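K.L.:
As listed in Swiss-Prot for this protein:
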type	residues	note
CARBOHYD	Asn11	N-linked glycosylation site
CARBOHYD	Asn226	N-linked glycosylation site
Amino acid sequence: MEASLSNHILNFSVDLYKQLKPSGKDTAGNVFCSPFSIAAALSMALAGARGNTAKQIAAILHTNDDKIHDHFSNFLRKLPSYAPDVALHIANRMYSEQTFHLKAEYTTLLQKSYDSTIKAVDFAGNADRVRLEVNAWVEEVTRSKIRDLLAPGTVDALTSLILVNAIYFKGLWECQFKPSATKPGDFHLTPQTSKTVDMMHQKGDFKMGHCSDLKVTALEIPYKGNKTSMVILLPKDVEGLSVLEEHLTAPKLSALLGGMYVTSDVYLRLPKFKLEQSIGLKDVLMAMGVKDFFTSLADLSGISATGNLCASDVIHKAFVEVNEEGTEAAAANAIRLRYMCLRFPQVINFFVDRPFMFLIHSHDPDVVLFMGSIREL
């Protein structure tokens, strides 16, 4: 059951990332999101969707049954066990127009499977006050890292309901970087240009893996408690991130993560970084195949018998900071591979001094919580 959630989120993560990455002539820019958070919000919508609307949402979540709600429920029940080593808080809430009749079966499922609170509000009479209330709740859940999720004008008197998922993560490295070892270093933006950044240094034993097809080496940095970790996917060349993005698939990523092994005497250089991104996901999700959800064709009759209910947008905001102590992050998805048996020299250099991809995931079950890439610092 838990393996299914891993597969759902991993496949969704790769599909989503491919839509968010820079494309065409626009090869600059960083990417950061929480596939888990977005998938959870979509899954809550799926619970009330019917007909083609349900089929389209289910397809991008890579599920074909209702068990996905049980999978999320089982994962959320495990969260208390992550403390005190890491802080991982996930909260779900639905804001519903007070005159809008919700089906009892739907609200019961949200409460049971997603531990969601449901709040009746006055969109019709004071939409902006509700917007500020939503923003205040998200800010509280994410320890003030996600502010102003809903911009002025995004909520109006015609709004019937808002589904909100907020996730907050703070993990200390199992072995922290010494601040005194942090020194200026070059981060290569292109083969011709570089930028001086704060580069953290550490020598130790790390899990590593390699995929020749993706031309990438992976290194895992565990957080305290070993229930979560960050994985750095470092392309061979300065311009290799585009190759990685083009050829990345869920099976390849799964095989890479599953084939990592402990390697001794690794000299790691990792830049400190901080990212914050706000994304309107309507166009992204429509490109992935969720089309009816945002139009008059939407069938959300499992939420309410009232007709004319559709989504106006899915708004996602995410934050991550990586420093010597650890990581703080927040946010309001069969190929047979053979991996080379690498014979490394006595000391292996893993210098993250060029564009790279990274993800933060839990281990039990293995779920991608956050995913992103750094092209610019």
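Keep in mind that glycine also has a Cβ here, set from the backbone N, Cα and C atoms.
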K.L.:
So, three-state DSSP: helix, strand or coil for Asn226 (N-linked glycosylation site)?
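P.N.:
SS state of Asn226 (N-linked glycosylation site) = coil.
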K.L.:
Using a 10 Å radius around each Cβ and all protein chains in view, which of these glycosylation sites has the most neighbours: Asn11, Asn226?
P.N.:
Asn11
K.L.:
For Asn11 (N-linked glycosylation site), just give me the three-state DSSP call.
P.N.:
helix
